[in-house]
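Lifted from TrEMBL, the feature list:
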- 86-513: domain 'Major facilitator superfamily (MFS) profile' (DOMAIN)
- 86-108: transmembrane segment (TRANSMEM)
- 120-143: transmembrane segment (TRANSMEM)
- 155-176: transmembrane segment (TRANSMEM)
- 182-198: transmembrane segment (TRANSMEM)
- 210-231: transmembrane segment (TRANSMEM)
- 237-258: transmembrane segment (TRANSMEM)
- 312-332: transmembrane segment (TRANSMEM)
- 376-395: transmembrane segment (TRANSMEM)
- 402-419: transmembrane segment (TRANSMEM)
- 425-447: transmembrane segment (TRANSMEM)
- 459-479: transmembrane segment (TRANSMEM)
- 491-510: transmembrane segment (TRANSMEM)
Amino acid sequence: MEEDLFQLRQLPVVKFRRTGESARSEDDTASGEHEVQIEGVRTGLEAVELDDGAAVPKEFANPTDDTFMVEDAVEAIGFGKFQWKLSVLTGLAWMADAMEMMILSILAPQLHCEWRLPSWQVALLTSVVFVGMMSSSTLWGNISDQYGRKTGLKISVLWTLYYGVLSAFAPVYSWILVLRGLVGFGIGGVPQSVTLYAEFLPMKARAKCILLIEVFWAIGTVFEVVLAVFVMPSLGWRWLLILSAVPLLLFAVLCFWLPESARYDVLSGNQEKAIATLKRIATENGAPMPLGKLIVSRQEDRGKMRDLFTPHFRWTTLLLWFIWFSNAFSYYGLVLLTTELFQAGDVCSISSRKKAVEAKCSLACEYLSEEDYMDLLWTTLSEFPGVLVTLWIIDRLGRKKTMALCFAIFSLCSLLLFICVGRNMLTLLLFIARAFISGGFQAAYVYTPEVYPTATRALGLGSCSGMARVGALITPFIAQVMLESSVYLTLAVYSGCCLLAALASCFLPIETKGRGLQESSHREWGQEMVGRGTLGTGVTRSNSGSQE
(Lines of atoms letter the chains of each structure in order from A and count residues from 1; the text may use other names and numbers.)
(Lines give C-alpha, C1' and ligand atoms only; values in the text may rest on other atoms or scores of the structure.)
Protein backbone atom coordinates (compact mmCIF):
# COMPACT_ATOMS: atom_id res chain seq x y z
CA MET A 1 0.00 0.00 0.00
CA GLU A 2 2.82 2.41 0.89
CA GLU A 3 4.53 1.72 -2.44
CA ASP A 4 1.27 2.43 -4.27
CA LEU A 5 0.85 5.72 -2.46
CA PHE A 6 4.45 6.63 -3.23
CA GLN A 7 3.88 6.02 -6.93
CA LEU A 8 0.72 8.09 -6.90
CA ARG A 9 2.54 10.98 -5.27
CA GLN A 10 4.92 11.13 -8.22
CA LEU A 11 2.03 12.35 -10.45
CA PRO A 12 1.90 16.11 -9.66
CA VAL A 13 -0.14 17.16 -12.73
CA VAL A 14 -3.29 15.63 -14.21
CA LYS A 15 -4.77 16.78 -17.54
CA PHE A 16 -7.92 15.78 -19.39
CA ARG A 17 -8.75 15.43 -23.05
CA ARG A 18 -11.99 14.44 -24.75
CA THR A 19 -10.88 11.30 -26.55
CA GLY A 20 -11.95 8.32 -24.41
CA GLU A 21 -8.41 6.90 -24.36
CA SER A 22 -5.41 7.42 -22.11
CA ALA A 23 -1.99 8.11 -23.56
CA ARG A 24 1.40 9.19 -22.28
CA SER A 25 4.03 10.89 -24.40
CA GLU A 26 7.79 10.60 -23.94
CA ASP A 27 8.05 14.33 -23.14
CA ASP A 28 5.43 13.99 -20.44
CA THR A 29 7.23 10.99 -18.99
CA ALA A 30 10.48 12.86 -18.88
CA SER A 31 8.96 15.89 -17.26
CA GLY A 32 6.87 13.96 -14.76
CA GLU A 33 3.70 15.35 -16.30
CA HIS A 34 1.08 12.79 -17.22
CA GLU A 35 -2.17 12.97 -19.14
CA VAL A 36 -5.31 10.92 -18.59
CA GLN A 37 -7.70 11.28 -21.53
CA ILE A 38 -11.32 10.78 -20.57
CA GLU A 39 -14.21 10.89 -22.99
CA GLY A 40 -17.10 13.19 -22.24
CA VAL A 41 -15.05 15.71 -20.23
CA ARG A 42 -14.77 19.31 -21.47
CA THR A 43 -11.53 20.25 -23.15
CA GLY A 44 -9.40 23.20 -22.16
CA LEU A 45 -9.29 22.40 -18.43
CA GLU A 46 -6.34 23.78 -16.53
CA ALA A 47 -3.82 21.52 -14.88
CA VAL A 48 -4.67 20.46 -11.32
CA GLU A 49 -1.73 20.84 -8.93
CA LEU A 50 -1.60 18.40 -6.03
CA ASP A 51 -0.22 19.37 -2.65
CA ASP A 52 2.88 17.60 -1.50
CA GLY A 53 1.92 14.30 0.14
CA ALA A 54 -1.67 14.39 -1.14
CA ALA A 55 -3.04 11.21 -2.72
CA VAL A 56 -4.29 11.35 -6.29
CA PRO A 57 -8.11 11.21 -6.33
CA LYS A 58 -9.47 7.84 -7.38
CA GLU A 59 -11.26 9.24 -10.41
CA PHE A 60 -8.02 10.88 -11.64
CA ALA A 61 -5.79 7.83 -11.43
CA ASN A 62 -5.41 5.50 -14.41
CA PRO A 63 -7.58 2.52 -13.39
CA THR A 64 -6.04 0.10 -15.85
CA ASP A 65 -3.11 -0.22 -13.45
CA ASP A 66 -5.04 -1.52 -10.46
CA THR A 67 -8.73 -2.01 -11.34
CA PHE A 68 -10.82 -3.95 -13.84
CA MET A 69 -14.42 -4.26 -14.93
CA VAL A 70 -16.49 -7.39 -15.51
CA GLU A 71 -15.98 -6.93 -19.25
CA ASP A 72 -12.19 -7.03 -18.70
CA ALA A 73 -12.45 -10.16 -16.56
CA VAL A 74 -14.64 -11.99 -19.08
CA GLU A 75 -12.22 -11.10 -21.88
CA ALA A 76 -9.17 -12.13 -19.81
CA ILE A 77 -10.67 -15.47 -18.71
CA GLY A 78 -11.79 -16.22 -22.25
CA PHE A 79 -13.87 -19.10 -23.61
CA GLY A 80 -13.42 -22.44 -21.92
CA LYS A 81 -14.99 -25.31 -20.05
CA PHE A 82 -17.50 -23.12 -18.22
CA GLN A 83 -18.84 -21.61 -21.46
CA TRP A 84 -19.17 -25.07 -23.04
CA LYS A 85 -21.33 -26.22 -20.13
CA LEU A 86 -23.36 -23.03 -20.32
CA SER A 87 -23.82 -23.53 -24.07
CA VAL A 88 -25.34 -26.97 -23.57
CA LEU A 89 -27.59 -25.77 -20.77
CA THR A 90 -28.79 -22.75 -22.74
CA GLY A 91 -29.27 -25.02 -25.73
CA LEU A 92 -31.59 -27.25 -23.72
CA ALA A 93 -33.79 -24.24 -22.98
CA TRP A 94 -33.90 -23.36 -26.68
CA MET A 95 -34.60 -26.95 -27.67
CA ALA A 96 -37.51 -27.08 -25.23
CA ASP A 97 -38.86 -23.77 -26.55
CA ALA A 98 -38.68 -25.03 -30.14
CA MET A 99 -40.47 -28.27 -29.29
CA GLU A 100 -43.29 -26.46 -27.51
CA MET A 101 -43.72 -24.21 -30.57
CA MET A 102 -43.44 -26.98 -33.16
CA ILE A 103 -46.02 -29.09 -31.38
CA LEU A 104 -48.68 -26.54 -32.35
CA SER A 105 -48.55 -27.60 -35.99
CA ILE A 106 -49.02 -31.23 -34.92
CA LEU A 107 -51.51 -30.88 -32.07
CA ALA A 108 -54.00 -28.61 -33.88
CA PRO A 109 -54.99 -31.01 -36.73
CA GLN A 110 -55.06 -33.94 -34.32
CA LEU A 111 -57.53 -32.26 -31.95
CA HIS A 112 -59.48 -30.93 -34.93
CA CYS A 113 -60.26 -34.53 -35.86
CA GLU A 114 -60.39 -36.18 -32.44
CA TRP A 115 -62.61 -33.60 -30.72
CA ARG A 116 -64.45 -32.50 -33.91
CA LEU A 117 -63.48 -28.87 -33.40
CA PRO A 118 -64.56 -26.14 -35.83
CA SER A 119 -61.79 -24.28 -37.67
CA TRP A 120 -61.95 -21.15 -35.51
CA GLN A 121 -61.37 -23.18 -32.35
CA VAL A 122 -58.35 -24.86 -33.93
CA ALA A 123 -56.90 -21.46 -34.84
CA LEU A 124 -57.63 -20.17 -31.33
CA LEU A 125 -55.67 -23.07 -29.84
CA THR A 126 -52.59 -21.79 -31.68
CA SER A 127 -53.23 -18.12 -31.01
CA VAL A 128 -53.70 -18.51 -27.25
CA VAL A 129 -50.11 -19.72 -26.88
CA PHE A 130 -48.83 -16.57 -28.55
CA VAL A 131 -51.14 -14.45 -26.42
CA GLY A 132 -49.51 -15.92 -23.33
CA MET A 133 -46.03 -15.35 -24.71
CA MET A 134 -46.84 -11.78 -25.75
CA SER A 135 -48.30 -10.85 -22.38
CA SER A 136 -45.38 -12.25 -20.38
CA SER A 137 -42.24 -11.43 -22.39
CA THR A 138 -41.79 -7.93 -20.95
CA LEU A 139 -42.74 -9.18 -17.47
CA TRP A 140 -40.00 -11.83 -17.51
CA GLY A 141 -37.53 -9.23 -18.73
CA ASN A 142 -38.52 -6.94 -15.88
CA ILE A 143 -38.12 -9.76 -13.36
CA SER A 144 -34.68 -10.62 -14.77
CA ASP A 145 -33.51 -7.01 -14.52
CA GLN A 146 -34.93 -6.54 -11.03
CA TYR A 147 -34.17 -9.87 -9.35
CA GLY A 148 -31.52 -11.50 -11.54
CA ARG A 149 -31.23 -13.39 -14.80
CA LYS A 150 -31.06 -16.79 -13.12
CA THR A 151 -34.16 -16.13 -11.00
CA GLY A 152 -36.33 -15.08 -13.94
CA LEU A 153 -35.15 -17.94 -16.14
CA LYS A 154 -35.60 -20.58 -13.44
CA ILE A 155 -39.15 -19.50 -12.60
CA SER A 156 -40.20 -19.37 -16.26
CA VAL A 157 -38.81 -22.85 -17.00
CA LEU A 158 -40.47 -24.43 -13.96
CA TRP A 159 -43.75 -22.67 -14.89
CA THR A 160 -43.60 -23.98 -18.46
CA LEU A 161 -42.71 -27.51 -17.34
CA TYR A 162 -45.60 -27.69 -14.86
CA TYR A 163 -48.33 -26.47 -17.20
CA GLY A 164 -46.85 -28.32 -20.20
CA VAL A 165 -47.21 -31.67 -18.47
CA LEU A 166 -50.57 -30.71 -16.96
CA SER A 167 -51.99 -29.89 -20.41
CA ALA A 168 -51.52 -33.54 -21.39
CA PHE A 169 -54.33 -34.43 -18.95
CA ALA A 170 -56.82 -31.85 -20.24
CA PRO A 171 -60.25 -33.54 -20.45
CA VAL A 172 -62.00 -31.01 -22.70
CA TYR A 173 -61.18 -28.20 -25.14
CA SER A 174 -61.63 -25.37 -22.63
CA TRP A 175 -59.09 -26.92 -20.29
CA ILE A 176 -56.39 -27.39 -22.90
CA LEU A 177 -57.04 -23.87 -24.20
CA VAL A 178 -56.32 -22.38 -20.77
CA LEU A 179 -53.38 -24.66 -20.01
CA ARG A 180 -51.66 -24.05 -23.37
CA GLY A 181 -52.12 -20.33 -22.80
CA LEU A 182 -50.31 -20.72 -19.46
CA VAL A 183 -47.57 -22.69 -21.23
CA GLY A 184 -47.18 -19.76 -23.61
CA PHE A 185 -46.94 -17.43 -20.61
CA GLY A 186 -43.95 -19.43 -19.35
CA ILE A 187 -42.28 -19.74 -22.76
CA GLY A 188 -42.14 -15.94 -22.88
CA GLY A 189 -39.31 -16.07 -20.33
CA VAL A 190 -37.10 -18.60 -22.14
CA PRO A 191 -35.36 -15.94 -24.32
CA GLN A 192 -33.83 -14.57 -21.10
CA SER A 193 -31.41 -17.49 -21.33
CA VAL A 194 -29.73 -15.55 -24.17
CA THR A 195 -29.26 -12.55 -21.87
CA LEU A 196 -27.54 -14.69 -19.23
CA TYR A 197 -25.53 -16.54 -21.86
CA ALA A 198 -24.32 -13.41 -23.66
CA GLU A 199 -23.10 -11.80 -20.44
CA PHE A 200 -20.62 -14.65 -19.85
CA LEU A 201 -19.17 -14.68 -23.37
CA PRO A 202 -15.99 -12.88 -24.48
CA MET A 203 -16.49 -10.41 -27.31
CA LYS A 204 -14.87 -12.43 -30.11
CA ALA A 205 -16.92 -15.55 -29.36
CA ARG A 206 -20.26 -13.90 -28.63
CA ALA A 207 -21.83 -13.80 -32.09
CA LYS A 208 -20.68 -17.30 -33.06
CA CYS A 209 -21.81 -18.83 -29.78
CA ILE A 210 -25.27 -17.26 -29.80
CA LEU A 211 -25.73 -18.39 -33.40
CA LEU A 212 -24.58 -21.92 -32.60
CA ILE A 213 -27.07 -22.02 -29.75
CA GLU A 214 -29.71 -21.61 -32.46
CA VAL A 215 -28.67 -25.06 -33.68
CA PHE A 216 -30.46 -26.39 -30.61
CA TRP A 217 -33.65 -24.68 -31.83
CA ALA A 218 -33.33 -26.51 -35.15
CA ILE A 219 -32.59 -29.76 -33.31
CA GLY A 220 -35.70 -29.20 -31.18
CA THR A 221 -37.99 -28.69 -34.18
CA VAL A 222 -36.57 -31.75 -35.98
CA PHE A 223 -36.75 -33.86 -32.83
CA GLU A 224 -40.40 -32.89 -32.29
CA VAL A 225 -41.35 -33.99 -35.80
CA VAL A 226 -39.45 -37.28 -35.44
CA LEU A 227 -40.99 -37.83 -32.01
CA ALA A 228 -44.47 -37.26 -33.46
CA VAL A 229 -43.86 -39.83 -36.20
CA PHE A 230 -43.27 -42.55 -33.61
CA VAL A 231 -45.55 -41.41 -30.78
CA MET A 232 -48.70 -40.16 -32.48
CA PRO A 233 -49.78 -43.41 -34.24
CA SER A 234 -49.38 -45.58 -31.14
CA LEU A 235 -49.53 -43.47 -27.97
CA GLY A 236 -51.40 -40.36 -29.10
CA TRP A 237 -51.03 -36.62 -28.50
CA ARG A 238 -51.14 -36.78 -24.70
CA TRP A 239 -47.91 -38.76 -24.53
CA LEU A 240 -46.41 -36.44 -27.13
CA LEU A 241 -47.05 -33.48 -24.80
CA ILE A 242 -45.45 -35.31 -21.87
CA LEU A 243 -42.37 -36.46 -23.78
CA SER A 244 -41.94 -33.01 -25.32
CA ALA A 245 -41.37 -31.64 -21.81
CA VAL A 246 -38.25 -33.80 -21.22
CA PRO A 247 -35.75 -31.05 -22.25
CA LEU A 248 -37.51 -28.68 -19.84
CA LEU A 249 -37.16 -31.23 -17.06
CA LEU A 250 -33.44 -31.65 -17.76
CA PHE A 251 -32.94 -27.89 -17.74
CA ALA A 252 -34.92 -27.49 -14.51
CA VAL A 253 -32.65 -30.05 -12.81
CA LEU A 254 -29.40 -28.62 -14.18
CA CYS A 255 -30.22 -24.91 -13.89
CA PHE A 256 -29.25 -24.90 -10.22
CA TRP A 257 -25.65 -25.16 -11.48
CA LEU A 258 -26.11 -21.80 -13.22
CA PRO A 259 -24.43 -18.83 -11.54
CA GLU A 260 -26.01 -15.40 -11.52
CA SER A 261 -24.69 -12.96 -14.08
CA ALA A 262 -21.59 -11.18 -12.73
CA ARG A 263 -22.63 -8.06 -14.66
CA TYR A 264 -25.99 -8.06 -12.88
CA ASP A 265 -24.34 -8.58 -9.49
CA VAL A 266 -21.99 -5.64 -10.01
CA LEU A 267 -24.81 -3.43 -11.23
CA SER A 268 -26.92 -4.33 -8.18
CA GLY A 269 -24.02 -3.61 -5.81
CA ASN A 270 -23.21 -7.24 -4.92
CA GLN A 271 -19.49 -7.01 -5.69
CA GLU A 272 -18.36 -9.97 -3.58
CA LYS A 273 -20.76 -12.33 -5.32
CA ALA A 274 -19.60 -11.09 -8.73
CA ILE A 275 -15.95 -11.70 -7.81
CA ALA A 276 -16.81 -15.21 -6.53
CA THR A 277 -18.57 -15.98 -9.83
CA LEU A 278 -15.64 -14.72 -11.90
CA LYS A 279 -13.18 -16.72 -9.79
CA ARG A 280 -15.31 -19.82 -10.29
CA ILE A 281 -15.29 -19.34 -14.07
CA ALA A 282 -11.53 -18.71 -14.07
CA THR A 283 -10.96 -21.89 -12.07
CA GLU A 284 -13.11 -24.00 -14.41
CA ASN A 285 -11.40 -22.54 -17.47
CA GLY A 286 -7.93 -22.85 -15.97
CA ALA A 287 -7.29 -19.15 -16.60
CA PRO A 288 -5.97 -16.48 -14.21
CA MET A 289 -8.13 -13.69 -12.83
CA PRO A 290 -7.19 -10.12 -13.75
CA LEU A 291 -5.05 -8.37 -11.15
CA GLY A 292 -6.49 -5.50 -9.17
CA LYS A 293 -9.85 -4.53 -7.80
CA LEU A 294 -13.23 -5.01 -9.48
CA ILE A 295 -14.86 -1.67 -10.20
CA VAL A 296 -18.33 -1.37 -8.76
CA SER A 297 -20.57 0.28 -11.32
CA ARG A 298 -23.02 2.90 -10.28
CA GLN A 299 -26.20 1.33 -8.91
CA GLU A 300 -29.02 2.16 -11.31
CA ASP A 301 -32.74 1.67 -11.44
CA ARG A 302 -33.19 -1.56 -13.33
CA GLY A 303 -35.99 -2.86 -15.48
CA LYS A 304 -37.62 0.53 -16.24
CA MET A 305 -39.46 0.69 -19.56
CA ARG A 306 -38.68 4.40 -19.92
CA ASP A 307 -34.98 3.54 -20.21
CA LEU A 308 -35.71 1.92 -23.57
CA PHE A 309 -36.92 5.29 -24.86
CA THR A 310 -34.09 7.57 -23.81
CA PRO A 311 -32.72 9.72 -26.67
CA HIS A 312 -29.90 7.22 -27.25
CA PHE A 313 -32.16 4.17 -27.57
CA ARG A 314 -35.59 5.43 -28.65
CA TRP A 315 -35.05 4.96 -32.38
CA THR A 316 -33.22 1.66 -31.84
CA THR A 317 -36.05 0.29 -29.70
CA LEU A 318 -38.80 1.20 -32.18
CA LEU A 319 -36.91 -0.26 -35.15
CA LEU A 320 -36.05 -3.43 -33.24
CA TRP A 321 -39.68 -3.90 -32.24
CA PHE A 322 -40.71 -3.83 -35.90
CA ILE A 323 -37.84 -6.13 -36.89
CA TRP A 324 -38.79 -8.70 -34.27
CA PHE A 325 -42.47 -8.38 -35.19
CA SER A 326 -41.64 -9.02 -38.86
CA ASN A 327 -39.36 -11.94 -37.99
CA ALA A 328 -42.00 -13.85 -36.05
CA PHE A 329 -44.84 -12.79 -38.37
CA SER A 330 -42.99 -14.17 -41.40
CA TYR A 331 -41.36 -17.20 -39.75
CA TYR A 332 -44.51 -18.68 -38.24
CA GLY A 333 -46.53 -17.60 -41.27
CA LEU A 334 -44.22 -19.65 -43.48
CA VAL A 335 -44.57 -22.65 -41.15
CA LEU A 336 -48.37 -22.47 -41.46
CA LEU A 337 -48.25 -21.90 -45.22
CA THR A 338 -45.94 -24.86 -45.82
CA THR A 339 -48.57 -27.48 -45.06
CA GLU A 340 -51.18 -25.76 -47.26
CA LEU A 341 -48.75 -25.38 -50.17
CA PHE A 342 -47.52 -28.96 -49.96
CA GLN A 343 -51.04 -30.35 -49.82
CA ALA A 344 -52.08 -28.31 -52.87
CA GLY A 345 -48.87 -28.81 -54.84
CA ASP A 346 -48.33 -25.13 -55.71
CA VAL A 347 -49.86 -21.68 -55.39
CA CYS A 348 -51.97 -22.04 -58.54
CA SER A 349 -53.46 -25.29 -57.24
CA ILE A 350 -54.51 -23.54 -54.04
CA SER A 351 -56.26 -20.82 -56.02
CA SER A 352 -58.13 -23.31 -58.21
CA ARG A 353 -58.98 -25.48 -55.23
CA LYS A 354 -60.49 -22.55 -53.34
CA LYS A 355 -62.68 -21.76 -56.33
CA ALA A 356 -63.73 -25.37 -56.93
CA VAL A 357 -64.61 -26.19 -53.36
CA GLU A 358 -67.16 -23.61 -52.29
CA ALA A 359 -69.02 -25.51 -49.62
CA LYS A 360 -66.68 -27.32 -47.28
CA CYS A 361 -67.75 -28.50 -43.84
CA SER A 362 -65.66 -26.82 -41.19
CA LEU A 363 -65.62 -30.07 -39.20
CA ALA A 364 -64.08 -32.03 -42.08
CA CYS A 365 -60.59 -33.12 -41.02
CA GLU A 366 -57.56 -35.00 -42.20
CA TYR A 367 -54.98 -36.57 -39.93
CA LEU A 368 -51.40 -35.77 -40.77
CA SER A 369 -49.98 -38.48 -43.01
CA GLU A 370 -46.44 -39.82 -43.09
CA GLU A 371 -45.83 -37.76 -46.24
CA ASP A 372 -46.96 -34.62 -44.39
CA TYR A 373 -44.50 -35.33 -41.59
CA MET A 374 -41.67 -35.86 -44.08
CA ASP A 375 -42.45 -32.58 -45.86
CA LEU A 376 -42.51 -30.84 -42.50
CA LEU A 377 -39.20 -32.44 -41.63
CA TRP A 378 -37.53 -31.34 -44.86
CA THR A 379 -38.49 -27.72 -44.46
CA THR A 380 -37.47 -27.82 -40.80
CA LEU A 381 -34.00 -29.07 -41.75
CA SER A 382 -33.49 -25.81 -43.65
CA GLU A 383 -32.74 -24.07 -40.35
CA PHE A 384 -29.36 -25.80 -40.15
CA PRO A 385 -27.95 -24.17 -43.32
CA GLY A 386 -29.63 -20.97 -42.15
CA VAL A 387 -27.46 -21.05 -39.03
CA LEU A 388 -24.30 -21.76 -41.03
CA VAL A 389 -24.92 -18.97 -43.55
CA THR A 390 -25.67 -16.45 -40.79
CA LEU A 391 -22.62 -17.62 -38.86
CA TRP A 392 -20.42 -17.01 -41.90
CA ILE A 393 -21.67 -13.52 -42.77
CA ILE A 394 -22.55 -11.89 -39.43
CA ASP A 395 -18.96 -10.98 -38.53
CA ARG A 396 -18.14 -10.06 -42.11
CA LEU A 397 -21.13 -7.88 -43.00
CA GLY A 398 -22.11 -6.88 -39.47
CA ARG A 399 -25.36 -7.42 -37.60
CA LYS A 400 -27.44 -4.79 -39.43
CA LYS A 401 -26.54 -5.88 -42.95
CA THR A 402 -26.99 -9.54 -42.06
CA MET A 403 -30.56 -8.95 -40.90
CA ALA A 404 -31.29 -6.81 -43.97
CA LEU A 405 -29.94 -9.50 -46.32
CA CYS A 406 -32.00 -12.26 -44.67
CA PHE A 407 -35.20 -10.24 -44.91
CA ALA A 408 -34.52 -9.30 -48.55
CA ILE A 409 -33.95 -12.91 -49.65
CA PHE A 410 -37.09 -14.08 -47.84
CA SER A 411 -39.06 -11.33 -49.58
CA LEU A 412 -37.69 -12.41 -52.96
CA CYS A 413 -38.56 -16.07 -52.38
CA SER A 414 -42.09 -15.09 -51.37
CA LEU A 415 -42.52 -13.19 -54.63
CA LEU A 416 -41.19 -16.14 -56.66
CA LEU A 417 -43.95 -18.30 -55.14
CA PHE A 418 -46.36 -16.33 -57.35
CA ILE A 419 -45.09 -18.45 -60.23
CA CYS A 420 -46.83 -21.77 -60.81
CA VAL A 421 -43.75 -23.89 -60.09
CA GLY A 422 -43.58 -27.64 -59.63
CA ARG A 423 -43.30 -29.52 -56.38
CA ASN A 424 -39.49 -29.65 -56.42
CA MET A 425 -39.07 -25.92 -57.07
CA LEU A 426 -41.73 -25.17 -54.43
CA THR A 427 -39.77 -27.21 -51.89
CA LEU A 428 -36.54 -25.39 -52.83
CA LEU A 429 -38.08 -21.92 -52.49
CA LEU A 430 -39.65 -22.78 -49.14
CA PHE A 431 -36.33 -24.28 -48.00
CA ILE A 432 -34.39 -21.10 -48.88
CA ALA A 433 -37.06 -18.79 -47.45
CA ARG A 434 -37.15 -20.60 -44.11
CA ALA A 435 -33.35 -20.80 -43.93
CA PHE A 436 -32.98 -17.04 -44.29
CA ILE A 437 -35.92 -15.95 -42.12
CA SER A 438 -34.57 -18.17 -39.33
CA GLY A 439 -31.15 -16.62 -39.99
CA GLY A 440 -32.68 -13.16 -39.54
CA PHE A 441 -34.13 -14.29 -36.23
CA GLN A 442 -30.71 -15.52 -35.13
CA ALA A 443 -29.02 -12.26 -36.09
CA ALA A 444 -31.64 -10.33 -34.08
CA TYR A 445 -30.88 -12.50 -31.05
CA VAL A 446 -27.20 -11.59 -31.41
CA TYR A 447 -27.77 -7.87 -31.94
CA THR A 448 -30.39 -7.13 -29.26
CA PRO A 449 -28.42 -8.17 -26.12
CA GLU A 450 -25.37 -6.36 -27.51
CA VAL A 451 -27.05 -3.02 -28.11
CA TYR A 452 -28.68 -2.49 -24.69
CA PRO A 453 -26.77 -1.74 -21.44
CA THR A 454 -26.76 -4.18 -18.55
CA ALA A 455 -29.46 -2.29 -16.62
CA THR A 456 -32.04 -2.77 -19.40
CA ARG A 457 -30.64 -5.69 -21.40
CA ALA A 458 -33.13 -8.29 -20.20
CA LEU A 459 -36.05 -5.85 -20.47
CA GLY A 460 -34.97 -4.82 -23.97
CA LEU A 461 -34.79 -8.43 -25.12
CA GLY A 462 -38.06 -9.23 -23.37
CA SER A 463 -39.93 -6.35 -24.97
CA CYS A 464 -38.60 -7.31 -28.41
CA SER A 465 -39.65 -10.90 -27.78
CA GLY A 466 -43.10 -9.61 -26.82
CA MET A 467 -43.41 -7.77 -30.13
CA ALA A 468 -42.40 -10.97 -31.90
CA ARG A 469 -45.30 -12.72 -30.22
CA VAL A 470 -47.65 -10.04 -31.50
CA GLY A 471 -46.53 -10.92 -35.01
CA ALA A 472 -46.93 -14.63 -34.29
CA LEU A 473 -50.42 -13.97 -32.91
CA ILE A 474 -51.54 -12.11 -36.04
CA THR A 475 -49.98 -14.41 -38.64
CA PRO A 476 -52.56 -17.27 -38.40
CA PHE A 477 -55.25 -14.85 -39.57
CA ILE A 478 -53.10 -14.04 -42.62
CA ALA A 479 -51.76 -17.52 -43.38
CA GLN A 480 -55.08 -19.28 -42.82
CA VAL A 481 -57.99 -16.84 -43.05
CA MET A 482 -56.68 -14.50 -45.77
CA LEU A 483 -55.29 -17.49 -47.68
CA GLU A 484 -58.85 -18.66 -48.29
CA SER A 485 -59.65 -15.35 -50.00
CA SER A 486 -56.43 -14.70 -51.94
CA VAL A 487 -53.19 -16.63 -51.84
CA TYR A 488 -51.44 -13.91 -53.83
CA LEU A 489 -52.46 -11.20 -51.37
CA THR A 490 -51.21 -13.39 -48.54
CA LEU A 491 -47.79 -13.80 -50.14
CA ALA A 492 -47.67 -10.07 -50.94
CA VAL A 493 -48.27 -9.21 -47.27
CA TYR A 494 -45.36 -11.38 -46.10
CA SER A 495 -43.06 -10.15 -48.87
CA GLY A 496 -43.88 -6.49 -48.21
CA CYS A 497 -43.47 -6.85 -44.45
CA CYS A 498 -39.99 -8.34 -44.82
CA LEU A 499 -38.97 -5.72 -47.35
CA LEU A 500 -39.84 -3.01 -44.80
CA ALA A 501 -37.95 -4.96 -42.11
CA ALA A 502 -34.87 -5.01 -44.36
CA LEU A 503 -35.03 -1.22 -44.60
CA ALA A 504 -35.54 -0.95 -40.83
CA SER A 505 -32.38 -3.04 -40.29
CA CYS A 506 -30.37 -0.65 -42.44
CA PHE A 507 -31.65 2.36 -40.49
CA LEU A 508 -30.63 1.01 -37.07
CA PRO A 509 -28.35 3.73 -35.63
CA ILE A 510 -25.90 1.39 -33.85
CA GLU A 511 -23.74 -1.38 -35.29
CA THR A 512 -22.51 -3.73 -32.55
CA LYS A 513 -20.00 -5.73 -34.59
CA GLY A 514 -16.66 -5.84 -32.77
CA ARG A 515 -18.04 -4.17 -29.64
CA GLY A 516 -18.20 -5.26 -26.01
CA LEU A 517 -21.34 -5.20 -23.91
CA GLN A 518 -22.29 -1.80 -22.52
CA GLU A 519 -22.34 -1.68 -18.73
CA SER A 520 -24.07 1.62 -18.01
CA SER A 521 -26.80 3.67 -19.64
CA HIS A 522 -25.44 6.93 -18.19
CA ARG A 523 -22.85 7.60 -20.89
CA GLU A 524 -22.47 7.80 -24.62
CA TRP A 525 -22.86 4.47 -26.37
CA GLY A 526 -19.49 3.00 -27.24
CA GLN A 527 -17.25 4.38 -24.48
CA GLU A 528 -17.03 1.00 -22.79
CA MET A 529 -17.60 -1.00 -25.92
CA VAL A 530 -14.37 -1.01 -27.90
CA GLY A 531 -12.35 -4.18 -27.31
CA ARG A 532 -8.67 -4.04 -26.46
CA GLY A 533 -7.76 -5.49 -29.79
CA THR A 534 -9.05 -2.40 -31.62
CA LEU A 535 -6.80 0.05 -29.84
CA GLY A 536 -3.61 1.27 -31.38
CA THR A 537 -0.17 0.36 -30.24
CA GLY A 538 0.99 2.09 -27.14
CA VAL A 539 -2.48 3.30 -26.20
CA THR A 540 -3.92 2.11 -22.93
CA ARG A 541 -7.65 1.83 -22.47
CA SER A 542 -9.14 3.83 -19.62
CA ASN A 543 -12.02 2.51 -17.59
CA SER A 544 -12.35 5.49 -15.35
CA GLY A 545 -15.65 6.37 -16.93
CA SER A 546 -17.19 3.48 -15.10
CA GLN A 547 -16.88 5.21 -11.78
CA GLU A 548 -19.40 7.91 -11.18
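Heads up, residue numbers simply count up from 1 along the chain you see.
In case you wondered, yes, glycine gets a Cβ from its N, Cα and C as well.
Within the same chain, residues 86-87, 90, 93-94, 96-97, 100-101, 128-137, 139-141, 143-144, 149-150, 152-153, 155-157, 159-161, 163-164, 167, 206, 209-210, 213, 258, 261, 445, 449-450, 457-458, 461-462, 465-466, 469, 517 sit at least 6 positions outside the transmembrane segment (182-198) and bring their C-beta atoms closer than 8 Å to a C-beta of that stretch. Tertiary proximity for the transmembrane segment (86-108) is limited to same-chain residues at least six positions away from its ends with a CB under 8 Å from its CB atoms, namely 122-123, 125-126, 129, 153, 157, 160, 164, 183, 187, 190-191, 193-194, 196-197, 200, 209, 212-221, 223-225, 227-228, 232, 237, 240-241, 244-245, 247-248, 250-251, 254-255, 257-258, 335-336, 339, 368, 376, 380. Across 120-143, 210-231, 237-258, stretch 237-258 shows the highest tally of CB pairs under 8 A with the transmembrane segment (155-176).
Ranked by number of Cβ pairs under 8 Å to the transmembrane segment (237-258), the listed stretches 210-231, 376-395, 459-479 are led by 210-231. Here the listed stretches are 210-231, 312-332, 425-447, 459-479, 491-510, and the one with the most C-beta pairs under 8 angstroms to the transmembrane segment (376-395) is 425-447. On the 0 to 100 pLDDT scale, the domain 'Major facilitator superfamily (MFS) profile' (86-513) averages 81 in the predicted structure.
For the transmembrane segment (210-231), the most Cβ-contacting stretch among 120-143, 312-332, 425-447, 491-510 is 425-447 (pairs under 8 Å). Of the recorded ranges 120-143, 312-332, 491-510, the transmembrane segment (425-447) has the largest number of C-beta contacts under 8 angstroms with 312-332. Long-range neighbours of the transmembrane segment (312-332) within the same chain, counting only residues 6 or more positions beyond its ends whose Cβ lies under 8 Å from a Cβ of the stretch, are 403, 407, 410, 434, 437-438, 440-441, 444, 447-448, 451-452, 456, 460, 463-465, 467-472, 474-476, 478-479, 494, 497-498, 500-501, 504-505, 507-510, 521, 524-525. Cβ atoms under 8 Å from those of the transmembrane segment (120-143) belong to residues 100-101, 104, 107-109, 111-112, 151-152, 155-156, 173, 176-177, 180-189, 191-192, 303, 305, 362, 458-463, 465-466, 468-470, 472-473, 476-477, 480-481 of the same chain, restricted to positions at least 6 beyond its ends.
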